[in-house]
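The domain 'Phosphatidic acid phosphatase type 2/haloperoxidase' annotation in TrEMBL covers 168-305. According to TrEMBL, the feature transmembrane segment maps to 30-48, 55-72, 78-95, 140-162, 237-259, 266-284, 290-308.
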Amino acid sequence: MTILFMELEKSFWLRFTKRYIPPELYYHSWTIYDFQYLFLLILGILLFKIIEFPGIFLKFLIVCIFAIGLYLPVPRKFFLPFLPIASWLVLFYSCRFIPGSNRPHIYVSVLPALENILYGDNLSAIIAKHTNVFKDVLAWLPYGVIHFTLPFLTSLGLWWYGPPGILAIFSRSFGYMNLAGVLTQLVFPCSPPWYEYTYGMNTPAEYTMPGNPGGLARIDELFGSNTYTNTFNGSPMVFGAFPSLHSGCAIIQALFISYIIPKSRLFCFAYIMWIWWACMYFTHHYMVDLVGGGIYAVFAFWFAWDYLPFVNEHYKNRWDYFKEKNGVLLPTNNHINNNLSFDSPKFDNNDDLEIEIATTIIIHQ
């Protein structure tokens, strides 16, 4: 009787799991790379507990939206690569709720000392010494405008001009790089250059101190607004100078754009230099911060390198990676990395390709 009951229970469990667990999860070959989801789950639980606003109802609603999005096949193609980005944004927002008594000491003199040791002088101070309206606007464009719009433009460009699957890889790389950057800023808080000019090097930094727009205050004055002043005064990460995520975002976007459009490398390099200059001109970062952010970006791109689909230089856009056979558009497979395959646990874009096929068919109908 006991054996019969166990067999019935096993049979019921098998039918239940096959029916309600997504096939991609049920037949998934688990590897060490899947620990990323365990890490994100643990981080999400901690942040759920830390965040005081919004309230419990709205937090549960957001969790339910993500749970449904990850369960359903079509939304999963967006929500799964978006998880690292969402984790980074939620972590950054939650920093305002972490008590200062539970946070590490703020380092005021470490970055200026490194700046002088590595470069022989305070480059940020030299660049920010002479200001005028033309320089203010020239620095504001990359720092306050392009930086916030470029991730969306990069994603759109990768989706249109790149091989299928590259956008999901970019999303993961971009998200994990920023997530690692914010975690570093939490455990190694450092004051930016504006702190040195406002409070001096001998004033101990405290978490109760408000943020400062630095040179962006001149932009507020120019446009007659308090946009940047209010934004930085209420920043949840006041002492997050190192690493510079402005630098990290610019470099990782430049690397992905250069990967699919090699001829754009010069323009990408020029943009990196432009935003580096803007970061120091507005006294928001030291040079060592910018290099640090670049290291995070290069490491993220290096880790993603083995996952990147090949780019065919003869193809003009994503649709060229498909061919028509018996009235159905199928992937050419010319963009698949030879080291990976659809069945490889390291290649997580096969479902993405199915969505690409379905999307293409719908568009051409």
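Counting begins at 1 with the first residue displayed.
Every residue, even glycine, has its Cβ placed from backbone N, Cα and C.
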Roughly where does the domain 'Phosphatidic acid phosphatase type 2/haloperoxidase' (168-305) sit in mean pLDDT, to the nearest integer? 94
Between the transmembrane segment (30-48) and the transmembrane segment (140-162), are there three or more C-beta pairs closer than 8 Å, counting only pairs 6 or more apart along the chain? no
Same chain only, please: residues at least 6 beyond the ends of the transmembrane segment (78-95) with a C-beta under 8 Å from a C-beta of the stretch. Say none if there are none. 36-37, 40, 43-44, 47, 50-51, 66, 69-70, 167-169, 171-172, 174-176, 178-179, 182-183, 186, 236-237, 348
